């Protein structure tokens with residue numbers, strides 16, 4: 001269905017091609033997963049299928065890409081619109097109209113389909129994606145999972161043979177991600193649609209894939225094959241595969257179910273061992289460090305309203321120094337609001353917030369900076385200068401720190417970033433590190449991160465975990481709002497689950513997470529009922545018992 | 001006969017609301033009687049209160065009312081400081097007059113402020129404010145995107161540009177708020193004018209990136225596909241459109257000029273016909289079809305008709321009772337409410353009874369956002385970047 005023949009793409013002034021030597025065929029009706037570290041050209045490859053590369057982005061494409069027999073060199077994206085449906089990373093950027101029903105019809109209107117056909121297909125698609133309830137809703141009021149489903153639906157109505165998706169689940173909570181993947185499954189199974197998708201969060205998708213295309217490193221030729229074979233050699237892989245590799249299971253399990261079947265022996269071997277406390281590596285949290293000095297933030301009876309909606313309701317929370325806390329819950333549960341209340345962006349409608357002796361919404365930004373730092377969901381919001389060096393100088397000035405202290409943080413967090421680069425040209429992981437360095441310049445005892453692993457590959461995530469562990473060991477209190485259960489399992493001493501603005505669970509990570517079907521990490525699911533959470537934990541234990 | 005709830009099928013044509021509102025606005029432009037103007041504002045406000053939805057554009061009504069008040073205030077301030085040509089005997093205060101050079105004759109700064117001048121300015125400002133409020137009512141009641149959907153095919157792309165621009169502005173505001181909040185995280189003051197200036201560049205950058213992403217998405221979804229049109233048709237289209245526009249220009253010139261009143265009107269009409277023909281032919285190049293276009297039903301006729309009736313009755317009233325519609329500021333008199341013009345303004349209330357009710361889903365939505373429903377999440381969240 002999709003054929004790449006000796007394709008290489010070089011962008012305008014780049015020295016080396018973004019991708020090269022691509023020679024592969026995606027057969028009809030397969031769900032094909034594109035994996036690889038950040039910056040290997042996954043998006044370039046996806047956009048080459050719908051013709052946006054090179055028609056829209058510029059650059060030179062050598063070789064030939066054909067989709068359903070149409071050559072993308074001679075067909076512009078709009079002329080491929082009836083065979084390829086493309087959904088980018090951000091569904092909001094994809095929407096042209098303002099309501100669900102109009103959005104579903106937009107593509108068909110552009111193709112000039114007859115009104116009765118359009119009406120029928122809109123109704124069919126509403127049912128297929130479970131959107132019938134939302135048909136008159138404004139797009140801006142939808143939740144993340146709903147938006148993603150509408151975006152998929154809006155390209156489905158034209159009955160494309162190929163669906164191309166760039167990171168469809170990375171911004172979603174685990175439940176919403178499953179919603180979207182169930183829809184994709186259904187398309188492949190029932191309608192024979194060919195699906196090509198790129199995703200960083202492999203633990204969510206790899207078990208659904210028929211084929212995996214691996215781009216191992218920039219400029220390297222792709223490897224294509226059955227998921228288990230490719231995962232055996234892939235530098236990026238989900239925890240369940242890591243566990244399988246560790247235990248030498250063959251064939252490699254891709255889903256929790258396969259792994260559980262093989263895990264009998266491993267469970268037996270581990271049953272006598274007591275796993276180290278979660279968040280290991282950062283040492284045990286100073287739970288006994290009572291007294292005002294040990295407490296980085298205290299929230300009592302907190303309520304926050306936005307308009308008529310009560311976003312947070314009677315939240316009680318204490319964060320101690322040296323402790324890492326993961327804040328979890330579905331999209332819109334109030335996680336971000338709680339974080340921004342801690343930095344004083346919202347005034348509480350009831351209750352009290354104390355951060356290092358200050359009341360955040362009354363404190364001046366300068367004093368507050370020394371007590372609490374927040375890395376927002378989009379780290380770029382924090383960066384305002386046009387080079388890394390200027391950014392560091394500005395951060396030193398803001399924090400009143402001696403010159404060079406921010407740069408020292410940057411060097412520590414990411415050694416190989418030159419001073420002259422524009423923050424926009426950094427990769428997601430580098431940008432996050434820079435924002436983190438900027439925040440750390442004022443040495444706040446409390447560090448807040450909102451959804452830090454969005455768009456990070458496994459390597460960048462591992463680096464982030466190391467950095468955060470070191471910070472916790474130095475005595476920083478860290479609060480992460482995240483959908484990433486694997487991250488929470490690796491880092492957090494404590495997990496707090498929010499639902500509709502209320503805390504519904506608060507306790508040590510192993511207790512909260514192991515019992516929850518949606519927040520348990522893969523290793524916990526495989527080894528349940530044993531309370532193991534991460535692959536490194538298991539690896540250490542195996543080494544010790546061997 | 002009872003008005004149904006609005007669904008996509010029963011929704012009133014957006015054009016009907018605009019005709020109704022423009023009718024009220026025309027009526028407002030025909031009078032300076034503050035009581036009549038107040039009645040017009042009341043009529044528009046009542047219909048908006050009875051029939052507006054919870055959609056984002058429906059909230060614009062309040063903004064238009066405020067804008068109206070600002071207009072009145074500005075008009076009064078100008079009349080106060082710059083004086084006016086209205087003669088008056090009731091002096092309120094006398095400001096020191098600024099001496100101006102000879103060439104600025106006719107302009108006055110400061111001086112005597114009379115009650116008559118202020119009353120005249122108030123009436124005048126009120127008229128403008130009423131016009132604005134009528135436009136605001138149409139804005140609140142009609143979905144602007146739907147209105148643009150009714151444009152002829154050849155103008156479709158311009159319509160899309162406007163729709164995109166309209167969704168753009170709220171995004172821009174959200175961006176500014178987000179970035180100002182981020183400034184607080186850097187330990188810089190997040191309020192004040194300088195703070196606003198410094199987020200300018202990143203906001204524009206973000207806006208530009210978003211528009212590029214949107215353009216890519218639209219392209220990939222088939223925006224701008226064109227049908228093959230024979231050469232002859234293409235040339236005829238250009239000729240008709242160009243010729244038509246020239247005709248309209250020349251015709252208007254003729255009509256406005258003193259000498260050409262003879263050829264002006266026919267030339268204008270011919271130009272208009274040619275331009276419309278060009279638009280119609282141009283529409284053949286577009287392959288687009290329309291999904292569930294709005295239908296013009298009898299309710300739409302009644303709504304539009306009530307607006308037109310108010311305008312017509314008011315124009316007629318202008319001929320049978322000109323004095324009642326323009327209460328004099330000199331000498332000062334208390335304005336009276338003329339009976340028949342007032343009754344004719346009340347015709348404009350008809351839409352509050354015949355137009356479809358706002359959808360019940362809106363009520364449910366409101367209840368949901370007050371209480372808790374599983375999927376109202378993002379409403380309480382800042383837009384994800």
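The first residue you see is number 1, and the count goes up from there.
Using the three backbone atoms N, Cα and C, a Cβ is placed for every residue, glycine included.
Annotated transmembrane segment per TrEMBL: B:35-51 (among others), in sequence order.
Annotation source TrEMBL lists transmembrane segment at B:63-86 (among others). Note on the transmembrane segment (B:63-86): residues 45, 95, 107-114, 116-118, 120-122, 124-126, 128-130, 132-133, 135-137, 139-140, 329-330 of its chain, located 6 or more positions outside it, place their CB under 8 angstroms from a CB of the stretch.
If you look up TrEMBL, you'll see B:154-174 (among others) marked as transmembrane segment. Sequence-remote contacts of a segment are chain residues at least 6 beyond its ends whose Cβ falls under 8 Å from one of its Cβ atoms, and for the transmembrane segment (B:154-174) they are 56, 144-145, 148, 203, 207, 210-211, 214, 223-224, 278-280, 282-283, 285-286, 288, 382-383.
What TrEMBL records for B:239-257 (among others) is transmembrane segment.
Taken from TrEMBL, the feature transmembrane segment covers B:263-284 (among others). Outside the transmembrane segment (B:263-284), and at least 6 residues removed from its termini, the chain residues within Cβ reach (under 8 Å) are 152-155, 227, 229, 233, 236-257.
Per TrEMBL, the feature transmembrane segment maps to B:296-317 (among others).
Positions annotated as transmembrane segment by TrEMBL: B:337-357 (among others).
The annotation region 'Disordered' is assigned in TrEMBL to B:361-385.
Cβ atoms under 8 Å from those of the transmembrane segment (B:337-357) belong to residues 3-6, 10-12, 17, 20, 23-24, 27, 31, 33, 35-36, 39-40, 43-44, 46-47, 50-51, 141, 299, 302-303, 306-307, 309-310, 313-314, 317, 321, 324-325 of the same chain, restricted to positions at least 6 beyond its ends.
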